[in-house]
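Report on one structure; see the data block that follows.
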Amino acid sequence: MVPRNLTHVSEFLLLGFSEEPELQPLIFGHFLSMYLITVFGNLLIILAVSSDPHLHKPMYFFLSNLSFVDICITSTIIPKMLWNIQTQSQVISHEGCIIQMYFFVLFVGLDDFLLTVMAYDRFVAICHPLHYTVIMNPHCCGILVLVSWIISVLHSLLETLMVLMLSFCREVKIPHYFCELKQLIQLACSSNFLNELVMNFGAGILGGVPLAGILYTYCKIASSICRISSAQGKCKAFSTCASHFSVVSLFYCTCLGVYLSSAAPHSSHSSATASAMYTVVTPMLNPFIYSLRNKDIKRALRAFILSLGSGQFGN
């Protein structure tokens, strides 16, 4: 039995990327600029989709949800990191750490599910175009997003409750810039076997099953595109899923990088750097990928910006 006094830890220390004082202003400016670009870019996507009736389609409905989740992911971890750098403090309260971990696990899982739902949407659009409006009706789209939220909330709640059962020593130094689930489990003073088991099982099911679904849908999509006779038809079909495929590749490649770096010995800083790829860089690049490769989004963004300039938006 672990002594009761080990559980009364009031605060943790986030060591961040580097403890060298001369690097802190550079890190602060770098992450502040990426955070602002992420929030501004994804917010523009949401406003453009909501303001343009031509974009009130399932694909753009899912895209606006993905943009909202990307804003939430970065807002869960970056403001606290910037505040700690500005105040020259590494402290985060026990309650704050648990809350940050809960919302991070929630939104990353939701991001994964939304990418899977978007792959299914492209599968129906390309492989079953005549039944697209019937299958992807507003009710179905709402159910898919709602189910994604429910599963993500329940999974995050389970992981959080499991962490709350752990005991921590008096001084807990997290070699990361946010309260990552794996780091917290590894730093516990009590037995973490059950936590490791639940975490790995959850990652395998909630990460592996969506990935398998995405790969299956893209195999079907590729097969359908190959059967199209005209080159113009093939290019049009490919362009409708190119942006999503780019985002999926970026998300899973960066997650794989985090897994490989965390599995290597003495990988604290490399794991934090790899984590920055899918917590900051990927959400920042998503709006650019979708806007640069999608004519409808570019048209809606131009119309939205022009309406802001003329003062007609919202009138």
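Residue numbers in this text run from 1 along the chain shown.
Backbone N, Cα and C atoms are what each Cβ position is placed from, and that goes for glycine too.
Model, not experiment: these values are computed from the prediction.
What TrEMBL annotates here:
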- 27-48: transmembrane segment (TRANSMEM)
- 41-290: domain 'G-protein coupled receptors family 1 profile' (DOMAIN)
- 60-78: transmembrane segment (TRANSMEM)
- 98-120: transmembrane segment (TRANSMEM)
- 140-158: transmembrane segment (TRANSMEM)
- 197-216: transmembrane segment (TRANSMEM)
- 237-260: transmembrane segment (TRANSMEM)
- 272-292: transmembrane segment (TRANSMEM)
Positions on the same chain near the transmembrane segment (27-48), where near means CB under 8 A and six or more residues out | 16-18, 55, 63-64, 67-68, 70-71, 74-75, 78-79, 81-82, 85-86, 280-281, 283-284, 286-288, 290-291, 297, 300-301, 303-304
Long-range environment of the transmembrane segment (98-120) - Cβ separation under 8 angstroms, sequence gap at least 6 = 59, 62-63, 65-66, 69-70, 72-73, 76-77, 80, 92, 144-145, 148-149, 151-153, 155-157, 159-160, 163-164, 178-181, 184, 206-207, 210, 213-214, 217-218, 244, 247-248, 251, 278-279
